[in-house]
Structures are given as C-alpha cells and as structure tokens.
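Participant: Shown below is the structure under consideration.
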C-alpha cells in the first residue's frame, strides 16, 4: 500500500520525514524495552530544545511561578509538551500544537484537583473546573513526581482560599443526608479513587443495579428487579461461583477467584465502540472485535456477566448519564456481521425501554431508587471499601488477580527493561482495582422510611398554653417545618439582653418549660435562679465551696439537679427552696449530668459514667431517696462530657485524651471508641435522628461520626476550640473560645457566619424546643439572651 500525506505548513517536510524515520527505526528494534528507551530519548531531546512560549500568556502582568515538562493524557494517547503556571493561569503547550496551540485554565475557575497514579506511578494530576462533571478539563502526567507535587501544592494553596478541599468522608455525609444523588456520590468516589475518563485502565466504575432485562414493564418497587449489591458480579451465579471456588482452593499462592477484572480498557471500549471506534482499533491492532463478541444487546451482556466463565464486568457512568450516543450506531460503522446474518448496528434494548432515552432514564431512576439507596453502601464496601482486600475480600468472594491491586508489583524492582514494559502493559490492559477509600464498613444512606418521627417535647405543657414573653415567637404547632426554618435562618441571631449574675465562668443553663425562669451554674460554686420577666436575680444557692459543672431541670419544673467538682450531685427543690438530696456517687469531680425517664446519667473525672435509677420527676419535699446504680460505663481516663440520643438508648462520652465513645445503654456496652481529637473533648451530641454524633475538642476540630459504623465521616477545623454547640444534623451553632458564636454548614464543610458575643469563651448554650430562642453563658460571667429575627 502507498499513502500520500500533505502537510498544512510548507517547509516542514524534512523535519517530519526525519522524525518518521527515527520512529520507524525505533519500531523495528527487537526488544520492547529498547523501543521504549529510543522513543523516550527522541522525545526528551525535542522537549529539551523547546520551552514554553511566554507570548501565550493572557496578560503581560502575569508572574511565572514554575515551568516543567509533562504530557497531557487522553485515552490511549499522551501528548508531550510544556506546563507553565502563573499567579492566575495554568497553561499547557503541546509540542505538536494539537488539539490547540495552548490549553489555558484560569485558576479562579478550578473547583477540584486530584493527584493520580498513571501507569502505576505517582505522576498524574487532574484538574476540574466543575463540581459534578464526569470529565475533567485537563489531565497531566509529569516526568518527575516532585514537579507534580509542586504544581499540586501551588494550585491547592490557591484553592484553599477559594474552595474547601474534599475528602471521601465529607461526600459521605452529604450523600447520607440526601444532598448528593447516588450518581454524584459514585462519581466523587471514583474521582477520589484515581478513576478518570482520560485513563482507560482506570475508567470510572459503576454498578449493574437492574437484573430484569426481560419484562415489558420495569417495576422499581419490586426488590426482585434489582441485582444483589452485596456481592461482586462473579458471586451472583451460585453454580459458577462454586466452580470458581473449587479452582481457587486448588490454586497455588498467590490465589485469586477471578481471572479477569470488573473494569479494564477492553471492557470500557466494548461499551463505547460506537462513539470511540478509533480507541478499539488502536487497542486491537486496527480491527474491531468479532461481531458476536461486540456490545450487541443489554440483556445478552447481562446474561454473559451472570453465566460467562470469564466475564465479571461492571458498568460505566454512561449507563446513568444523558447521552445516548454510545447505544446508537450514528456513525454508521461497519462493525461486522453476526452468525445469524444480521449486521451489528444499534444496541438492542430490553423490552421495558421504549427508546435509548427511555432506557437511560429508567436506569437513572433505578440507580436513585429506594432499594439501591438502601444497599449501595454494600457495593461501595466491595469496590472502594473494607471488602476490597484481605480476609474480608476472601469472605465476600471478591479476590482478583494480585496484579490488579495497588502495590501488587513494584515496577522499580524489575531491572530488565523488556520485562518492565511487558509487566506494565499487562497491568494496564488487565484492569486495576480502585484505590481503597474506606477501611471500615461504609455507612448506609438515610432513606425516608428510616427517618425518625419528630421528637416530642420533654415539656408536656403545650406551647399554645404557655405564657409567651413579648418579642418571642409563638408557634402553635411545633412542626418540623418551623424548626427547619429556624435552623435555615440561624445566622440571623440577635442579642437582645445580657446580664452578669455570676462571679466566675457560667457552666450550665436550664430553663423552665414556660421560659420564665432561667437556672445557671458557675465555677463560683453557686446555682442562680433568674427571672426573665422581671429581669431580676431571684435566688442564689451554694452547696459547697467547689465549682458546679452543669445543671438540669426535671420535668414539672419542681427540681433542679446540679453536678459539682466536689464529687457530688445536688437536688434542689424550687418549691421548698432548699437542698433536697445529695448523690455521693463518684471519686472525683462530676463533669456533666443528663436525665431521662427517671434515670440520671453522671460523668466524672474518675473515668466513669454511671447510670442511676430512682430519680423520680416529682421529688416530694421530705423523703430522702434511695439511688440505685444500674450501670457503670468504665473509661481509661476522665470523662468531660456526655450526651444522650433522643430515645435514650445510646450515650456518647468524650474524654480528656480526645476519645469519643458511643455506648449502647440497653446492654451497657461500648459500640465504638474513636480517638478523633488531640486533647480534651469539649462537647458531644447526637443528631436529632441519632444517625450521627458531633464532637468538638480543644484541638479546634469539629468531627462528625456515623453511629452505625463508627466511621469519622467529616472533620472541620476552627482557629479556636469550640467549647459548646447545638446542631440539627446539618447546621451547627457553636460557642467559641474567642467568645463568638459560629455557624457551620456541615454539608458544604465550611464556616458560614461569625456572630460577636461574649468577651471570654462561650462555655454553655441552651436552645428552646421551637429553636427560636437561645441563651449562652460565658467565661465573662454573663448570660446572653438571643432571638431569631427573620
């Protein structure tokens, strides 16, 4: 065959011919390693003779930060050139001027950047200017990890002032609470696990979720419509699995269950051949696959994944996107003739899909369905989580060839260049397991049927009957909507009264049901009763000369309980105006108390939390009480704070050494111990639905923990410790060491408002049931009254 090429630019013929002859010589060398070495040498010499053309800068005032050599990565092709970063732009200038002379990205537009493994080496960097797009704006591969890291650090530092950096866990919280769809969440996990649309050996992987491709109607309310997401594809067919396990048991080490992977370049191009035929031709030496092995029918492909001896592939994101072109042969490609004589054309759809658009819409509906939402965490465990490797993977029948795992082979230890190139080619074509993102079970999504009903108020008096002081909102029905509205407007808090009633820091606040009497404890050892109506101090009580640490009102508003540094808990009768009882239950200071349903929970620096019965809501004036200890929750060190969930089935404790412990009170056993703070835990609380725990510490961190799994799923840092807080599961109002009240948006992972408050640390915070009125106490000895104005 003879081919004739015509160049667009005259006078370049000699250069082109010389380069072609060099590359031809390289391709004729016998050994793969020698070929690679010669091509690399040709490339490096060209790169060394050129540099970035500074005339390409957008503005004359731009300051150059760094310049280096790199390659722009696209599927199957990397394009060498020069990278340049200035104070405002990232540039890439390809040596060959293709696809355009310069690719330019404004740093201000960048939303996310990821370090990537490319060809198993830590050399890649991918830049996105969108939050949810599948494809990035540029993927660069560097020749030196240091160049990659320096450029990453420069862009990350730039972004720090503009965009919050995201971890897998922060996306988990957004997904759990329904702020990210299943599709968006999987996209983010793929991104964080090194999967990219520009790298076919690490293409994003999505699950098969539908198992019914025969019915004329798709019933998404029937669990039988769906694939079992707790098993890998290879384990869905019991008979095939038994055969594979027999082979696995007889195999010498290193053993594996599946000889092929669930994601590889070949599988990706199998699905995409109609829109990217050139990739398949490149991968298969200029030929399409056998017509009967092409992507002909959805049902056929699913059946093969269930029954085929070596077919275990999952899907790609395109199955849940909007673009139908991968299902339609719009390029009119000649993809061959099948055994039955028919030509390969559009993909055959299941009977329930009226058109390619309908197929994608129904696939998307299935991915976002309740069934998948309830089970998606099981698939995440297999692909990105704790069942990916080790004994858990064996138990879940999820073991692939050792070469598919990160760190499965050390390429640098292979000295023979031919062997090295062969090994790398094998790995890249075989498919790679994503980077492991989670080492413990993944939390499940909070789907509507799991949501707890609104908690009833501990104050039995209805709000409508209670006297409401002027200037306070009266909500006749305490709907969830009014609480949501209040929390959405929490940043509009206004201070309207403040009083200095103590001589030392305020440590606790309790308020009567009608809101008229405010009780406070302080390190000055007194319990004070303040009237909101008359704005007067009505009583001051001292039990000992030691500091009081917290207080609470029993239902019925007849008794106040205070905890003290003198190891005791004191019961004070408001009606009789005297101390009614003393519980001497600890060997060191009592740091915090909680009460629910005739049980008292006391935390102490003696390393215990104790549960007491026999604390009735109505304490009569004369009789002393018999307190029985029902349980003792032992800790390694002193406990500084405790909190109960709404149903009082769970308790969370925070210790002096920064550990958060979640306890099951029905069995008095510890469920999780999470060392997540350096230094003392200041405050802890469950979310209203009991799914999450928030803790704040001396280290300035605000940590969200998933109660079911004990996974730390979000962590934010403040400049000062947040000493106390209230939250609704999404938004936090915290009292800072600085004296300010801070509003945090957990789902976006950012601080959204600072409200000036006390002159010393905010030490305690109280909110009424309607979420319309807030009281804070501080080290400045003041109590401050706040209300929401919206």
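For all residues, glycine too, the Cβ spot is worked out from N, Cα and C.
Curation plays no part in TrEMBL annotations; they are all automatic predictions.
Straight out of TrEMBL:
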- 59-156: domain 'BEACH-type PH' (DOMAIN)
- 160-445: domain 'BEACH' (DOMAIN)
- 449-475: region 'Disordered' (REGION)
- 450-466: compositional bias 'Polar residues' (COMPBIAS)
- 583-613: repeat 'WD' (REPEAT)
- 632-673: repeat 'WD' (REPEAT)
- 674-715: repeat 'WD' (REPEAT)
- 755-790: repeat 'WD' (REPEAT)
Participant: Which residue counts does DSSP yield for the domain 'BEACH-type PH' (59-156) in the helix, strand and coil classes, in that order?
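Facilitator: Going through the domain 'BEACH-type PH' (59-156) residue by residue, I get 15 helix, 51 strand, 32 coil.
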Participant: Go ahead and report the DSSP secondary structure tallies for the repeat 'WD' (583-613): helix first, then strand, then coil.
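Facilitator: Final tally across the stretch: 0 helix, 21 strand, 10 coil.
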Participant: Treating G and I as helix alongside H, and B as strand alongside E, what does DSSP give for the repeat 'WD' (632-673) in helix, strand and coil?
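Facilitator: For the repeat 'WD' (632-673), the helix, strand and coil counts are 0 helix, 26 strand, 16 coil.
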Participant: State the residues, same chain only, that lie 6 or more residues beyond the ends of the repeat 'WD' (583-613) and have a CB under 8 A from a CB inside it; answer 'none' if no residue qualifies.
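Facilitator: For the repeat 'WD' (583-613), the nonlocal Cβ contacts are 546, 549-552, 554, 561-571, 627-644, 648, 651, 653, 656, 663, 665, 668.
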Participant: In the predicted model, what is the mean pLDDT computed over the repeat 'WD' (674-715)?
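Facilitator: The answer is 95, the mean pLDDT of the model over that range.
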Participant: Helix, strand, coil residue numbers for the repeat 'WD' (755-790) per DSSP?
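Facilitator: Tallying H, G and I as helix, E and B as strand, the rest coil: 0 helix, 20 strand, 16 coil.
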Participant: Counting by DSSP secondary structure, give me helix, strand and coil numbers for the repeat 'WD' (674-715).
Facilitator: 0 helix, 24 strand, 18 coil
